[in-house]
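According to TrEMBL, the protein carries these features:
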- 69-92: transmembrane segment (TRANSMEM)
- 113-135: transmembrane segment (TRANSMEM)
- 147-164: transmembrane segment (TRANSMEM)
- 176-197: transmembrane segment (TRANSMEM)
- 209-230: transmembrane segment (TRANSMEM)
- 255-277: transmembrane segment (TRANSMEM)
- 289-314: transmembrane segment (TRANSMEM)
- 335-358: transmembrane segment (TRANSMEM)
- 370-389: transmembrane segment (TRANSMEM)
- 410-431: transmembrane segment (TRANSMEM)
- 437-456: transmembrane segment (TRANSMEM)
Amino acid sequence: MDRTIDAGFREPHESGTQRWSREMAAALKLGWPLIFTNLSQAALTATDVIFIGRLGADTLASALLATSFYHTLMIFSMGLVSAVMPMIAIALGKNRHSVRDVRRTVRQGLWTVIMISIPVWIVLWHCEEIFLFLGQRPDIAARSTDFMHTLQWALLPYLGYIVLRSFFAAMEKPMWTLLIAALAIGFNALAGWTLIFGHFGFPRMELHGAGIATTASSTMMFLGLAFITVRHHRFRRYHLFGRFWRPDWARLRELWRIGIPMALTFVFETSIFYAAVVMMGRIGPTAMAAHAVAIQIASLSFMVPLGFGQVATVRVGRAYGRGDPQAVAYAGWSAYALGVGFMAVMGLLMVLIPRVFIGVFLDLHDPQNLPVMELAVTFLALAALFQIVDGAQAVAAGMLRGLRDTRIPMFLALFGYWGVGLPLGALLAFQFELGGVGIWLGLAAGLGIVSVLMTLRWRRHLAHISAHPA
């Protein structure tokens, strides 16, 4: 038996220290491929930005307007279909050979991909009217819409990839998704370079080329995972695409019941960072540039607790499905300790050696960058606190998803981010004239409140599960 996979395995007379060590090892084994998969997906976006940036400032502005709107709707859609992960984990906890339950969940996840993609496509196709309503320049809005008309088709295959990625994560076999994501980076870079600039006999397509490359990469990622599920002996017995046309309304309702709050939680969290960018823009270009550097550093380090949050969803879900309250506690707290511990170390490094991180994004020897660098150092000092609570809320949210608890965490996120974080940041920035520092303090406060509330809710669940074991 693979003890790092079976959360319920326990050595006779195993001590608490041994149990913690074993659970930590299992979390790390599952976590590092998920973390690098998250980083690789960030690299896909970075590759596109690098190529498009060489086309000029106006073209880059058009692309960023389109991709920001596209990613907002995509994040909502991702949250919805990601409900597949805890549902499969719980089913495998109840019966590790539960082929039918897993197949039903994946099938309805793919149904959901189709159902959500069609209305989103319609909105994206008519995005020019939305951009003009928001006060964008007509030429930028027109060029952004032109780009969107090729980019938007990436949505369906990418969401299909997310469903299959959730399946592999719940199966505790994430190396396959890491392999496909790594291949996609190279494919996307080659396709983007070829189509954007016109190489190997292809015409120079600029933004159209970027959209086609992204769509092709997303399709390759979905087809790559689909091929593995069909051909690999470990997964083909699930027949994930068998009788795909058959509806399963009960399972579909359950997926949407769990997924809609997850989707809204994702939107509440990401949108507050968009709002912070808008407020930074009102302060000035120096604050905007320093914020861009600091938030990029924070976002990259966030991939680690995000990965451990996914670990928590899977490990907690399996233990919960098996009706083992002690295993639920060990699985959740182990992922929590790893995620928060990493962010604490990163926070310390941001305080001690901030210029090392900033130097990745700015030329520290250029005198023109001095004001941005000094402000970025201040922001990174605030990010040290920000990091810890951000990691805590990310893993705590994953722990709660493993228990299929998504509705109340959605309201906690809404309260913390938009009820406290954003208003406090605006108040400190503009009323108390703290500028960008005030915005960062508001973000840290909002994330801190969410992390505390979600952790308390997790403790309450543990007490209830222990008192009423299945």
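In case you wondered, yes, glycine gets a Cβ from its N, Cα and C as well.
Remote same-chain partners of the transmembrane segment (69-92), defined as residues 6 or more beyond its termini with a Cβ less than 8 Å from a stretch Cβ, comprise 98, 101-102, 105-106, 109, 112-113, 116-117, 120, 123-124, 127, 130-131, 144, 148, 151-152, 155, 158-159, 162-163, 166-167, 169-171, 254-256, 258-260, 262-267, 270-271, 274, 310, 313-318, 320-321, 401-404, 406. Highlighted: of the candidate stretches 147-164, 176-197, 255-277, 289-314, 410-431, 289-314 has the greatest count of Cβ pairs under 8 Å to the transmembrane segment (370-389). Count of Cβ pairs under 8 Å against the transmembrane segment (255-277): among 176-197, 289-314, 410-431, the largest is for 410-431. Taking residue pairs at least 6 apart in sequence, the transmembrane segment (209-230) and the transmembrane segment (147-164) share three or more C-beta contacts under 8 angstroms.
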